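Taken from TrEMBL, the feature active site, proton acceptor covers His501. What TrEMBL lists as FAD binding site is Lys103, Gly167, Asp363. Per TrEMBL, the feature NAD(+) binding site maps to Gly231, Ala232, Gly233, Tyr234, Ile235, Gly236, Leu237, Glu238, Gly322. According to TrEMBL, the disulfide bond annotation covers Cys94-Cys99. Annotation source TrEMBL lists domain 'FAD/NAD(P)-binding' at 48-379. Residues or ranges marked as domain 'Pyridine nucleotide-disulphide oxidoreductase dimerisation' by TrEMBL: 399-509.
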Amino acid sequence: MASIFCFKNVIFGSACKFQNTKFLFFKSLESRPIRYASSLKPTSDYDYDLVVIGGGSGGLAAAKEATNLGAKVAVLDYVTPTPLGTKWGLGGTCVNVGCIPKKLMHQAALLGEAIHDAKSYGWQVGDNISHSWEALKDAVQAHIKSVNWVTRVELRDKKVEYINGLGTFKDAHTVQTITKQGERLLKARYFLIAVGGRPRYPDIPGAVEYGITSDDLFSLDRAPGKTVIIGAGYIGLECAGFLVGLGYEATVMIRSVPLRGFDQQMANIIVAEMEDKGVKFLQKSIPKSVEKLDSGKLKVTWTNEAQQEFSDEFDTILFAIGRRALTKELNLDTAGVKVAGDGEKVDAVNEQSNVPHIYAVGDVLYKKPELTPVAIHAGRLLARRLFGNSTVNMDYENVATTVFTPLEYGAVGLSEETAASRYGEDNIEVYHAYYKPTEFFIPQKNIRHCYLKVVALREGDQKVLGLHFIGPQAGEVIQGFAAGIKCNLTMNALMSTVGIHPTIAEEFTRINITKRSGKDPNPASCCS
């Protein structure tokens with residue numbers, strides 16, 4: 001029961017006098033008392049309410065939210081150098097060797113293309129245009145270091161203890177770390193595993209000695225030159241895209257299919273667009289060895305599906321064949337934490353492992369999206385459940401994402417293949433269209449890969465199951481529609497929406513042709 005007290009013309013303890021003013025004081029709005037971590041002072045058994053192992057986006061988000069709710073928190077973070085010797089500061093993959101430097105280099109490539117487009121719009125631009133890898137690399141690294149510093153300051157301001165050390169479990173309630181000051185043992189009520197992952201290297205001669213990964217590329221102290229990228233996931237394609245945009249030769253070696261896990265029609269359109277941009281693709285190919293020649297070049301040998309052997313010389317070989325979760329370094333068995341069938345990832349329910357007080361967020365979770373915003377959101381929600389009496393769990397369904405290739409690909413929801421498998425081909429409707437970005441008209445840019453589709457249920461108002469968009473600023477376009485998907489968007493609602501003209505996002509409101517109809521999805525006019 002809520003208790004309500006009303007006061008008028010009251011003097012409180014001779015300190016304050018209130019006249020002609022009414023106040024409502026609510027003693028309690030629920031039958032249960034609000035219980036925050038500030039009321040849970042660490043007992044003699046524990047040094048902390050929460051110890052976070054890993055200083056990436058998810059772990060830091062959880063740590064900061066927990067301290068906001070009164071918890072005593074420590075964060076352990078340590079970066080093991082790559083075989084090339086690359087290391088970085090606090091903030092995890094996204095800030096240092098992932099999303100942020102990738103997007104900045106993608107933007108650099110887009111600006112190079114825009115300079116050429118500017119001529120068509122009347123700008124007097126000389127023909128002697130060049131790019132400096134060193135200048136770009138230095139600018140990107142300067143920004144990253146500024147973010148590292150801000151992150152350290154924010155942890156200090158929020159009273160989160162930062163420990164630059166690698167944490168390993170000594171028992172279920174104790175983590176051991178070695179710092180410059182020596183060994184430390186940290187006992188906590190809860191632990192959060194947020195160590196993320198690192199790129200894999202193939203088990204072939206010369207791979208580790210002469211190859212690099214995305215952990216090295218963004219701080220590479222020389223221009224990449226002619227580069228072969230092994231792997232055609234989003235990391236491999238994004239790197240190939242901006243390298244070509246910056247003026248370097250790039251070849252992508254595909255073992256099976258591009259963008260595994262994404263809609264394959266859209267993935268193949270992206271490959272076709274990248275080929276038009278100058279990226280070379282080696283289909284169904286597997287690397288066999290890397291050898292350093294006397295010239296300093298790297299000789300890469302590979303075979304195709306017919307077992308034919310080929311070789312070529314490159315300046316750089318970049319491996320993008322997937323990532324491994326950094327759980328083996330944690331001694332999880334000592335704490336009793338079980339990993340999934342892959343032997344690396346934590347198979348958690350609502351981020352909780354089989355050990356009730358040990359949780360995990362981010363890329364270490366089994367069969368969960370490996371995306372920075374997912375880790376951040378899950379970390380915050382977990383902290384609120386542990387220390388703020390919240391009951392809200394993370395929803396891992398319908399998470400939007402974008403592949404930052406030269407022509408970007410944004411998606412949310414189910415791929416066409418997954419929808420057909422889950423609901424049956426006869427029970428889904430696929431709307432699709434090609435479109436013409438207004439900005440492409442004057443420079444006469446290629447529009448044949450500007451494409452979108454909506455996957456929906458066939459019955460009733462046709463609930464939307466997935467949206468897919470290839471074009472400029474795809475991430476900006478798809479983000480708003482992701483909220484619509486969360487609100488159970490239907491084709492009826494989508495086609496009833498008036499678009500903003502002329503924009504590329506409005507194409508989703510104009511879409512009306514289904515694949516089943518067999519009609520031409522190419523636009524006849526931009527304004528009717």
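Positions of Cβ are set from backbone N, Cα and C atoms, glycine also.
Whatever TrEMBL says is automated annotation, not expert-curated.
Sequence-distant contacts of Asp363 (FAD binding site), defined by Cβ-Cβ distance under 8 angstroms and a gap of at least six in the same chain, are Thr93, Gly196, Gly197, Arg323, Ala325, Glu370, Ala375.
Over the domain 'FAD/NAD(P)-binding' (48-379) the predicted model carries a mean pLDDT of 97.
Long-range Cβ neighbours of Gly167 (FAD binding site) (same chain, at least 6 residues apart, Cβ-Cβ under 8 Å): Val51, Ile53, Leu76, Tyr78, Val175, Gln176, Thr177, Leu186, Leu330. The two recorded residues Lys103 (FAD binding site) and Gly322 (NAD(+) binding site) have their Cα atoms spaced 19 Å from each other.
Among Lys103, Gly167, Asp363, the residues given in the record as binding FAD, the maximal Cα to Cα distance rounds to 31 Å. The Cβ of Lys103 (FAD binding site) has 17 neighbouring Cβ atoms from other residues within 10 Å, across all protein chains displayed. The least crowded of the recorded positions Cys94, Cys99, Ile235, Leu237, judged by other CB atoms within 10 A of its own CB, is Cys99. Take the binding-site residues Gly231, Gly233, Gly322: by the count of other Cβ atoms within 10 Å of each Cβ, the lowest one is Gly322.
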